[in-house]
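To start, the structure itself, in structure tokens.
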Amino acid sequence: MHNDYLKQVKSYLMSLQDAICQQLAQADGEQSFQEDSWDRPGGGGGRSRIMKNGAVFEQGGVGFSHVYGEKMPASATAHRPELEGRDFNACGVSLVMHPENPMVPTVHMNVRFFIAQKEGEEPVWWFGGGFDLTPFYPFDQDIIEWHQQAKNALDSVDEKLYPEYKAWCDDYFFLKHRDEARGVGGIFFDDLNDRSFDECFSVIKAVGDAFTKAYLPIVERRKNLAYTQQQRDFQLYRRGRYVEFNLVWDRGTLFGLQTGGRTESILMSMPPLARWEYNWQAEPGSAEEQLTEYYLKPRDWLSV
């Protein structure tokens with residue numbers, strides 16, 4: 001029965017990767033994804049799909065992985081000591097797309113499943129995932145519709161989920177060392193196992209299936225907008241924050257590196273270009289200042 005859990009989730013995730021890659025390539029119109037299949041020496045493997053130098057997407061990746069092993073890594077057992085001594089299977093789809101035009105937001109989505117087993121004991125399993133948006137020059141319409149799509153997806157399972165997962169996202173995608181949010185949020189959840197397997201599985205299916213509905217209309221609206229070199233420079237500066245979050249705070253990155261995951265695939269979320277500038281300050285009253293002073297503050301976007 002429990003092996004069937006893994007089989008069902010893995011099948012869905014591989015289909016999801018196919019569907020998302022097809023739709024993102026269509027939105028780009030110039031480049032398609034190149035697949036790099038890999039095997040993990042300790043058990044498992046995956047399919048990393050990368051797009052570079054597209055008409056819309058400067059670089060991005062959509063990865064599927066299924067890894068397994070005899071011992072849970074420290075990043076997974078730190079907040080769940082009962083997992084010590086269990087073998088594990090972990091599978092997921094994770095993506096980050098970095099558009100070239102600063103008017104188009106960077107986006108991240110992830111859905112994942114863990115199951116940890118020990119002979120003679122009930123397995124421990126859970127789901128996690130979510131999606132979040134990181135604009136550089138935000139538009140209220142985009143942010144509101146993004147959150148509305150997230151709410152619609154979760155409401156199809158349980159209307160209590162969106163407020164909880166929205167707040168969790170605001171809390172998780174936060175750079176503590178900068179005291180600022182990574183973006184304008186979305187939804188995030190982890191350790192989901194407080195209802196039946198089928199109900200929990202339906203949550204990640206709702207999230208996975210909603211991603212392109214939420215993101216692609218934003219891409220279509222913004223991909224042909226004009227921008228200046230100054231705006232491009234600001235985008236690269238803000239991408240630096242993305243790098244900082246992924247390397248310092250992101251639990252998924254740490255899990256991948258600690259389990260001996262494939263470094264190229266784990267770090268495919270990195271932007272192709274980013275920049276840092278010592279003590280840079282935005283002009284008072286500028287769009288750049290408005291990003292941090294207004295947009296990167298947690299707020300109820302569906303009541304704006």
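Cβ coordinates come from backbone N, Cα and C, glycine included.
For the substrate site, Swiss-Prot gives ASN110, VAL111, ARG112, GLY260, GLY261, ARG262; the one candidate out of SER94, SER269 that the record lists there too is SER94.
According to Swiss-Prot, the feature region 'Important for dimerization' maps to residues 242-277, out of the candidate ranges 206-241, 242-277. In this structure, the binding-site residues GLY260, GLY261 were compared by how many other Cβ atoms lie within 10 Å of their Cβ, and the smallest count belongs to GLY260.
Checking each of the binding-site residues (HIS108, HIS147, HIS177) against SER94 (substrate binding site), the C-alpha distance stays within 10 Å for HIS108. HIS147 (divalent metal cation binding site) falls within a helical segment according to DSSP. If you take the C-beta of HIS177 (divalent metal cation binding site) and look for same-chain residues 6 or more apart in sequence within under 8 angstroms, you find GLU244, VAL248. On the 0 to 100 pLDDT scale, the region 'Important for dimerization' (242-277) averages 90 in the predicted structure.
Spacing of HIS147 (divalent metal cation binding site) relative to ASN110 (substrate binding site) is 16 Å (Cα to Cα, whole number).
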